[in-house]
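Asker: Sharing a structure with you now.
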Amino acid sequence: MSSTDKERALLVLVTVVWGVNFVSARFGLESMTPWGFRAVTFGAGALILVALASILHISLRLPRRIDYLHLLVAGTFSIALFGVLTAVSLLHTSVGQTSIVVYTMPIWVALLSSVFLGERLGARRWAAVGIGIVGLAVLMLPVIEQGFSLGAFAALGSALSWAVGTVYLKWACVAAKPLAITAWQLLAGTAISILALGLTGWHILVAPMTPASWGGVIYNTLAGTVLAYLIWFQVVQRLPASIAGLGTLLVPVFSMIAGVVLVRERPGFFDLAGFAAILVASVLALGGESNSKEE
């Protein structure tokens with residue numbers, strides 16, 4: 001397996017992890033506030049990565065001082081704002097609808113990377129963008145029919161935040177190991193979450209913790225945060241941002257499957273039609289060459 005094929009396989013893995021993560025976050029938010037939930041999961045994830053770096057003798061020192069600022073900015077958008085806005089959305093709409101709107105992100109990444117990074121998408125990637133937009137539009141029909149709620153607007157803000165953070169990180173070219181890049185961004189996300197938690201009265205719990213909410217916190221911390229972000233930032237380093245972003249189009253599909261299995265949400269005809277279009281878009285996005293400038 002070539003290096004590029006390995007990154008693409010890892011990208012598929014992270015889409016599965018994040019798809020299930022939407023459902024697990026819903027369980028955690030049954031007992032915790034959005035800022036409390038993110039402060040705990042981001043904070044625990046950051047501590048785990050710092051400990052792991054110490055055990056593996058991996059330095060967290062960055063090559064340039066400006067890199068610390070770069071990771072603060074990227075972490076603010078792609079971790080702190082993304083995580084909290086997603087949590088707010090999950091409190092006001094379904095798991096499936098949240099994941100659908102959040103994962104308009106790949107479209108924004110593809111467009112922003114074309115403008116700010118000079119990535120030429122080529123016919124295959126533009127086809128992926130077009131088919132992906134069609135698939136997401138079909139999936140969003142129920143959301144549009146119901147009217148854009150606070151949950152939908154929060155999910156859209158989450159998508160834009162993650163897209164900005166992803167493109168900014170690619171532009172910054174921080175030459176460090178994925179573990180260091182992930183740890184510093186999680187620390188930034190934790191600091192912002194704790195600050196916001198303090199400004200909102202230090203309210204962490206809204207109800208007693210249950211086995212389901214504990215499971216949501218643990219999965220979010222270990223899989224959705226530590227494992228997934230380690231993989232994601234490695235993929236972003238090694239693949240063009242547009243390809244990495246478009247590869248995550250599958251997340252709503254896995255999220256809806258997890259919703260059916262774990263919380264008994266039922267996909268309808270439009271859901272299945274949208275999923276089919278997104279599957280085609282993902283295959284197009286992950287196929288072919290991965291030169292960052294042109295295909």
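Every residue, even glycine, has its Cβ placed from backbone N, Cα and C.
No curator has checked TrEMBL annotations; they are predicted automatically.
Below are the features I grabbed from TrEMBL:
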type     : residues : note
DOMAIN   : 10-140   : domain 'EamA'
DOMAIN   : 150-285  : domain 'EamA'
TRANSMEM : 35-56    : transmembrane segment
TRANSMEM : 68-88    : transmembrane segment
TRANSMEM : 100-118  : transmembrane segment
TRANSMEM : 125-144  : transmembrane segment
TRANSMEM : 150-169  : transmembrane segment
TRANSMEM : 181-205  : transmembrane segment
TRANSMEM : 217-236  : transmembrane segment
TRANSMEM : 243-263  : transmembrane segment
TRANSMEM : 269-287  : transmembrane segment
Asker: Among 35-56, 125-144, 269-287, point out the range having the most Cβ pairs under 8 angstroms from the transmembrane segment (243-263).
Answerer: 269-287
Asker: Which residue counts does DSSP yield for the domain 'EamA' (10-140) in the helix, strand and coil classes, in that order?
Answerer: 108 helix, 1 strand, 22 coil
Asker: Of the listed stretches 35-56, 100-118, 125-144, 269-287, which one has the most C-beta pairs under 8 A with the transmembrane segment (150-169)?
Answerer: 100-118
Asker: If you count every Cβ pair below 8 Å, which range out of 35-56, 100-118, 125-144, 181-205, 269-287 shares the most with the transmembrane segment (68-88)?
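Answerer: Ranked by Cβ pairs under 8 Å, first place goes to 181-205.
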Asker: Can you work out whether the transmembrane segment (100-118) touches the transmembrane segment (125-144), with the criterion being 3+ CB pairs under 8 Å where the paired residues are 6 or more apart along the chain?
Answerer: yes
Asker: Please work out which recorded stretch in 35-56, 181-205, 217-236, 269-287 has the most C-beta pairs separated by under 8 angstroms from the transmembrane segment (125-144)?
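Answerer: It is 269-287, which has the most Cβ pairs under 8 Å.
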Asker: Thinking of Cβ pairs under 8 Å, which stretch from 35-56, 217-236, 269-287 has the most of them with the transmembrane segment (181-205)?
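Answerer: Looking at each of 35-56, 217-236, 269-287 in turn, the most contacts to the transmembrane segment (181-205) are made by 35-56.
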Asker: Treating G and I as helix alongside H, and B as strand alongside E, what does DSSP give for the domain 'EamA' (150-285) in helix, strand and coil?
Answerer: 113 helix, 1 strand, 22 coil
Asker: Give the nonlocal contacts of the transmembrane segment (35-56) in its own chain as ranges (CB under 8 Å, at least six residues past its ends).
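Answerer: For the transmembrane segment (35-56), the nonlocal Cβ contacts are 25, 28-29, 79-80, 83-84, 87, 179-180, 182-183, 186-187, 189-190, 193-194, 196-197, 200, 203-205, 217, 220-222, 224-226, 229-230.
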